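Asker: Starting off with a structure, shown below.
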Amino acid sequence: MKDLYSRRINYMRISITDLCNLRCQYCMPAEGICKKDHKEVLTLEEITDIVKAGVGLGIDKVRITGGEPLVRNGIVEFIQMISNIDGIKDIAITTNGILLPRYAEALKEAGLKRVNISIDSLNPDKYREITRGGDLSKVLEGINECIRLGLTPVKLNVVAIGGYNDDEIEDFIQLTMDKPIDVRFIELMPIGEASQWGKDRFISNEEIVHRFKNLVPMETEKSSPAKYYQLPGGMGRVGLINPISSHFCGDCNRVRLTSDGKLKPCLHSNHEIDILDAVRNHPEKIQEVLASAILSKPEKHDLLTDSHEESNRGMSQIGG
């Protein structure tokens, strides 16, 4: 289905939980967030019904996010349910990687095709600091397990943070030289905890391009939020995602579903459409509600305008 700006919307990002086993400083408060009542959260079966309705509108690509999706009970069975839907061509997951050593093989067998891993430092002490207790060795083990299983290229999502990991950018880039890894640097977005925490820590990805002049530009899919580069002779790629300095709204192909049953036409807007009621009381209207969300997508985000409202959700509740 196309939106009002002739963009083909074929990608659904689904946050299946806002809970997480880490407390990253730019994402979640140290005390965590209040756990929602069971009745407020979509069941995995209900989410599956929404995806089935989405296929009828042209959705063929699904990404599972959180919070941390691997803490949700039944995650492997859920991936299996989604992979059994006729019309779904691609299933991916975004995770912090801590639980991948336990789940990666079962997830692949269930139908998972691709994995993105959020990792902001290769230094165990710095990683533990920003995640408030995370064990980097488990993440690295998870990355290697995904490579072993052929869930490649493994994509590493690195939030570029001034005064924290800007001295590790070269180390991350070097990972792409001899491994099937794509490292993607993401500009720090002013959402939730990061709206205050990150005010003086923003790094433009343009700085990375200027610093590393040996990166060779590559052809990139129009719908990809990343501009890709490669080290000469490298196995993997270096991606730059610039939601602030150079937005990619013109080719946006996605709609987001939150764990509490809200459709978000735009990541950076507080506009939401409730689909929980339709799922539970009027299942024949699920597709209609989905279509209305697609048709309400704005032409572009208003992050840099005076009219922008601070997000009413933290990133852990949206899933990026």
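Backbone N, Cα and C define each Cβ position, glycine as well.
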Asker: Among K155, K300, which residue does Swiss-Prot annotate as binding GTP together with R13, R63, T94, R254, V255, R256?
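Answerer: Same GTP site in Swiss-Prot: K155.
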Asker: Determine, from DSSP, whether C249 ([4Fe-4S] cluster 2 binding site) sits in helix, strand or coil.
Answerer: helix
Asker: Return the average pLDDT for the domain 'Radical SAM core' (4-227) as a whole number.
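Answerer: That stretch averages a pLDDT of 93.
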Asker: What is the interatomic distance between the Cα atoms of C266 ([4Fe-4S] cluster 2 binding site) and G67 (S-adenosyl-L-methionine binding site), given in whole Å?
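Answerer: Pair distance, Cα basis, whole Å: 18 Å.
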Asker: Comparing the binding-site residues C27, C266, which residue's C-beta has the most other C-beta atoms within 10 angstroms in this structure?
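Answerer: Per the Cβ count within 10 Å, the most buried is C27.
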Asker: If you draw a 10 Å sphere around the Cβ of C20 ([4Fe-4S] cluster 1 binding site), how many other Cβ atoms fall inside it, taking every protein chain shown into account?
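Answerer: A 10 Å sphere around the Cβ of C20 ([4Fe-4S] cluster 1 binding site) contains 21 other Cβ atoms.
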